[in-house]
Each structure stands twice: as C-alpha cells, then as structure tokens.
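Positions annotated as compositional bias 'Low complexity' by TrEMBL: 1-17. According to TrEMBL, the feature domain 'Sugar phosphate transporter' maps to 61-352. Annotated region 'Disordered' per TrEMBL: 1-22, in sequence order. Sequence annotations record features per position, and here TrEMBL assigns transmembrane segment to 60-76, 88-109, 121-145, 151-169, 178-196, 202-219, 240-264, 276-296, 308-329, 335-354.
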Amino acid sequence: MAVVSSSRTSSESSRPSLDGIDALEKDNLLDQDVEAQKFHEQKPAQPINHEDTIATRKKLIALAGYFVCNIGLTIYNKAILGSFKFPWLLTALHAGCSSIGTSVMLQMGHYHAAKLNQREHLALIAFSFLFTINIAISNVSLAMVSVPFHQLVRALTPLFTTILFRVFFNRTYSTETYLSLIPIIFGVTLATYGELTFSDLGFILTFLGVLLAAFKTIVTNKMMTGSLNLSFWEILRRMSPMACVQSIIYAWLTGELSAFYKFFTEELLSPGYKWSPWQFFLIMAGNGALAFALNVSSFSTNKIAGALTMTVCANIKQCLTIILGSLLFEVNLSIMNMWGILVTVAGAAVYSFVELDSKRKMKAAQAAAAAAGPARH
C-alpha cells in the first residue's frame, strides 16, 4: 500500500498541474491581447467617407451621366452664345429652370420637402451666394486674362480641393492619389496651352475663382453628406430661386437687361432674323432643360463620387470638350494640345486605378477588423 501510494504521488508530481497549464494559457492570451491592443493603437480606424461606401458600378453610371450632360450643355452654350451674348441672363435661365424642375419633381412625389431650421436656411442662403459669386468672379476674370491662362489656372482645382480638405476638414489622401493628380493637371495645362496674358487684378481674380470653385464643390458635398444631410433635390429647390434672382440683379448691374431688351425688340422681332420668336423660345427652353439635368447630375454625382473626383472629372471634361470642339467647330489642335489630352487621359486612368485599389484595401481592412473582433472576445 505504501509503495502504491508513493508511486502515485511521484507520478502526480512529475505531471504538470492543470492550474499551471491554465496559468500559462492565461499569460499567452494576455500577451496576445496586449499585442492586439498595441496594433490597434498604432493604426487607428480611419473615418469612412460617404463616397467610399458607394459601389463602383453606381459611381461609373453617375459619372457617365455627368459627362454627357456637362459636355452637351457646353456645346449647346457654345452654339447659341454666338447669338445670345448674355451670360448672366443665361445663368438666370439655368437657375430658373432648375427651380421649376425641382418643384415639379416635388409635386410628383419624387422626394419630400424637408423642414429646415434657421441655421439650415442661413446655410443655404450663404451657399446660393457662393454659387453666384463663383460664377461672377469667373466671368469677370475671364475678361481680364487670356482663355489659355484661365483654363490653365482652372486645371489646378483638384490641387486646391486637397488643400482645402486638409485645412478645414483635416482629411488627407494617400500618396498615390496625390501623385496621380500630377499628370491630370499637367496634361490639361498642355491641352489648353496658348498665349498666356493677364493683368494683375485678373491674375488675382482667376486664382480666387479657382479657390471658390474648389470650396463650392466641397461645401456641396458636405451639405449632402455632413450634419445637414440634405438631398440634392432639396438643395437645388431652395438654392435655385435665390441664384436666379441674384443673376438677374447682376445682369441689371452689368447692363445686360437693357442690352437684351434691345436685342429682343430690334433683332429677334425683326422679320429677317434667323430665328422666329417661337424657335428662340424652344431653343432656350431646351438649353434650360439640359441645364436642369446637368445640375441634378452634378449634385447627385458629387454625393456619390466625392468632391475630389468631381474636380478631376472637370479637368477631363476640358479635354473631351477640346476634342469635340475640333470636330464640330473646326478648331485646330497643335501637337502639344494632343499630347496634353493623352497625358490627361492616362492620368485619369491612374487616378481611377488608385481609387479602386484604395477601396479594395479599405474593404480588406474592414473584413480583417470584423474577423479579429469576435476572436478577441
């Protein structure tokens, strides 16, 4: 009996205790938790932007619609502005048609009117002034500088957009995204290159116009995706009437109203004019309808694709407009212009690849975080 007890005791003492094993496992788990905690502290979760949650297919469809409407209206304006030289009244027409269109959509039940507080009303009023002043400064500066210089500076809008995002919203992009903007900006510079002439005031106003254009694009996006979270229909419905009135006031101040009255009575109503009053009405109504479609497409695409992508698309649109202009209006392109178009298209392809790769990495990181979450618990 004593021998058996002794052997059992010795065998138990030679076997590691269960308490010891539990202690080792606990230590290992604690070490793993500490390492995981350090990992997550070193790589804090980045805030997810609205455009990052949108499917790529939906983005492409929205961008295609935006390109069609934008280029279509640009060519339409080019065709009629030779006879209708009243840019402020044309802007008022576009804003007025957008106001009518959004009101019709509201009556059809396509969207519901939101109840806004005083702060939100003031934000929309301020946005309408930003919208109109941006157009005003662009038009005024264009009279003080050459068209190539104006287009060259406008090509810098994506750069200004990234700077404003960093300063006001503390948002940064990947190094690859910043680098992909270089060929786009450089390509548009070559594509629009020409005689660069400007006055001192024109130089300042042109850069101010680009700064305001970038800021307007960002504010538009934030009004739809930020704390206000307004639909693009709501923004257009409330902003368009104010922009229309402001444009008419500018037309009055610049003498466009009196010039239009003279055009209407002395040219349009004369028997020998190329358009009858009804034809003129239909042409302008078609232009306003296309402008309404562009505004809807522009605002909705801004929310879907993001402010930076919108400014990149504006640069690409310049190149596409140059190509169509050479085909439709027999505009001659130099070798430098054609190289610029190719560089811009290549830059756009790189930018698209970088954005898709960034989205894939974000999804992979989210999947890894979701898989690691249950494992820690």
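Backbone N, Cα and C atoms are what each Cβ position is placed from, and that goes for glycine too.
Where the annotation comes from TrEMBL, it is an automatic prediction and has not been curated.
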- Task: Report, as numbers and ranges, which residues of the same chain sit near the transmembrane segment (335-354): CB under 8 Å and 6 or more residues beyond its ends.
- Result: 174, 176-177, 180-193, 312, 315-316, 319, 322-323
- Ranking 60-76, 88-109, 121-145, 178-196, 308-329 by Cβ pairs under 8 Å to the transmembrane segment (202-219), which is first? 121-145
- Item | Stretch-level contact, the transmembrane segment (240-264) and the transmembrane segment (121-145), CB cutoff 8 A, at least 3 pairs | yes
- Message: If you average per-residue pLDDT over the domain 'Sugar phosphate transporter' (61-352), what number do you get?
- Response: 86
- Quickly jot the same-chain residues contacting the transmembrane segment (308-329) by Cβ under 8 Å, restricted to those at least six beyond its ends, or write none. 51, 59, 63, 66-67, 70-71, 74-75, 78, 151, 154-155, 157-158, 161-162, 165, 173, 177, 181, 184-185, 187-188, 191-192, 213-214, 217, 221, 298, 301-302, 337, 340-341, 344-345, 348, 351, 355
- Query: Are the transmembrane segment (60-76) and the transmembrane segment (178-196) close, by which I mean at least 3 Cβ pairs under 8 Å that are 6+ residues apart in sequence?
  - Reply: no
- If you count Cβ pairs under 8 Å, which stretch among 88-109, 151-169, 178-196 touches the transmembrane segment (276-296) the most? 88-109
- In the same chain, who gets a Cβ under 8 Å from the transmembrane segment (178-196) while lying at least 6 residues past its ends? 146-149, 151-152, 155-156, 158-159, 162, 312, 315-316, 318-319, 322, 334, 336-348, 350-351, 354
- Would you mind listing the long-range same-chain contacts of the transmembrane segment (121-145), meaning Cβ under 8 Å and 6+ residues beyond its ends? 87-88, 91, 197-199, 201-203, 205-206, 208-209, 212-213, 215-216, 219-220, 223, 228, 235, 238-239, 242-243, 246-247, 250
